[in-house]
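> The region 'Disordered' annotation in Swiss-Prot covers 38-58. Annotated (2R)-2-phosphoglycerate binding site per Swiss-Prot: 163, 338, 367, 368, 389, in sequence order, evidence recorded as sequence analysis. The annotation active site, proton donor is assigned in Swiss-Prot to 205 on the grounds of sequence analysis. Per Swiss-Prot, the feature Mg(2+) binding site maps to 242, 286, 313; the stated evidence is sequence analysis. Here Swiss-Prot flags 338 as active site, proton acceptor.
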């Protein structure tokens with residue numbers, strides 16, 4: 001039997017959940033097998049992310065991706081024809097070399113990632129395996145999920161500076177049972193917000209976007225909703241935040257402008273401590289300091305690493321070199337993993353391996369601009385990612401990922417393990 005090789009790589013411009021253009025890629029093998037992938041994009045982006053190539057000009061507000069599409073259909077297609085789709089490192093290395101820039105700025109990370117993901121999907125189909133099994137083998141775990149149910153910052157047009165308020169099931173049950181708890185709290189939260197007099201319109205990630213006065217009010221609403229849904233805060237359902245501090249950090253004065261206050265590093269830590277003391281079910285914070293505020297992040301890590309999970313997003317941008325730097329500096333204790341921040345499946349896996357090797361937890365993440373693509377659901381299971389965040393249990397581009405996880409759990413059977421919150425974080 002002849003070994004299948006890549007016969008054709010084709011891309012087209014489609015649209016994401018925010019109505020912005022993005023890239024869809026089809027990789028066709030010599031035996032007719034086709035793998036497909038759709039690339040997400042972020043609203044809150046780190047300075048060191050791989051370059052998402054946009055066309056500029058007047059068409060579609062300058063956000064068109066036809067240049068990236070054309071790069072796939074010409075240069076990348078020509079370079080990958082005849083290559084083995086099962087050799088993911090070689091596929092990705094070929095595209096990186098072809099691009100020739102340190103940030104994938106010539107061909108576009110959105111072009112390269114689409115091909116990288118679609119190739120993995122084609123290879124899995126060629127092996128007659130689901131993607132999670134092809135990438136991950138046999139020793140698999142279902143991830144613990146984090147759900148952004150109150151949106152602020154860059155994800156909503158309201159007065160809340162902190163970007164995401166998430167809930168996560170910590171009771172040791174099946175993924176389905178945990179997700180049902182989340183759905184119950186989500187619907188309860190809607191009523192709680194209505195009773196508080198707030199609008200319940202949705203933000204980019206399916207969470208509510210009430211025009212609240214401050215973050216404390218958002219946390220109180222979550223706390224009340226958990227209880228009213230019949231659960232115990234911290235025991236059944238916990239809370240996590242993505243602070244996205246780079247978006248309220250002022251580069252001119254080197255301080256944090258948060259909720260009408262101007263705070264130093266130390267004062268910001270005091271602000272966080274107040275929230276942690278008032279809401280002990282708050283167990284994880286992402287990007288509590290600006291991505292360039294190394295001193296602030298390191299000091300916060302030193303004083304809080306045994307109390308909460310400190311997730312690095314903009315600080316490392318899923319880049320193994322930046323993660324290695326953060327590890328040596330002593331910043332954070334967990335890595336947020338976004339495929340489109342680095343731009344290939346292979347490099348993403350490298351960052352995950354480096355995280356694990358150094359005792360950092362990993363959280364696989366969606367982006368605010370999503371599609372119906374479910375790659376990250378399979379990916380989170382395949383790499384035993386431990387944690388996954390993909391928005392609220394609302395809006396189809398978010399729920400698609402969770403529905404895919406329900407399918408995977410059904411396929412794996414009840415004998416498979418469920419990943420829970422890391423043991424090094426004390427929920428008491």
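Using the three backbone atoms N, Cα and C, a Cβ is placed for every residue, glycine included.
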> Rank aside, I only need the closest one: which of the recorded positions 205, 242, 286, 313 has its C-alpha nearest to that of residue 368 ((2R)-2-phosphoglycerate binding site)?
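Checked the recorded positions 205, 242, 286, 313; minimum Cα distance to residue 368 ((2R)-2-phosphoglycerate binding site) goes to 205.
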> Cα-Cα, whole number of Å: residue 338 ((2R)-2-phosphoglycerate binding site) versus residue 313 (Mg(2+) binding site)?
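On Cα coordinates alone, these residues lie 9 Å apart.
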> So among 205, 242, 286, 313, all listed as recorded positions, which is physically nearest to residue 163 ((2R)-2-phosphoglycerate binding site)? Use the C-alpha atoms.
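Of all the candidates listed, 242 is nearest in space.
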> Whose Cβ lies within 8 Å of the mean position of the Cβ atoms of 242, 286, 313, the Mg(2+) site, other than those residues?
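For the Mg(2+) site the neighbour list reads 163, 164, 241, 243, 244, 285, 287, 311, 314, 336.
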> List only the single closest residue to residue 367 ((2R)-2-phosphoglycerate binding site), chosen from the recorded positions 205, 242, 286, 313 by CA-CA distance.
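In terms of Cα distance, residue 367 ((2R)-2-phosphoglycerate binding site) lies closest to 205.
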> How does the region 'Disordered' (38-58) divide up by DSSP, counting helix, then strand, then coil residues?
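For the region 'Disordered' (38-58), the helix, strand and coil counts are 0 helix, 2 strand, 19 coil.
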> For residue 242 (Mg(2+) binding site) and residue 389 ((2R)-2-phosphoglycerate binding site), what Cα-Cα distance in Å is obtained after rounding to a whole number?
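That separation, Cα to Cα, works out to 11 Å.
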> What is the maximum Cα to Cα distance, in Å and rounded to a whole number, among the residues 163, 338, 367, 368, 389 annotated as binding (2R)-2-phosphoglycerate?
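Farthest-apart Cα atoms in 163, 338, 367, 368, 389 are separated by 17 Å.
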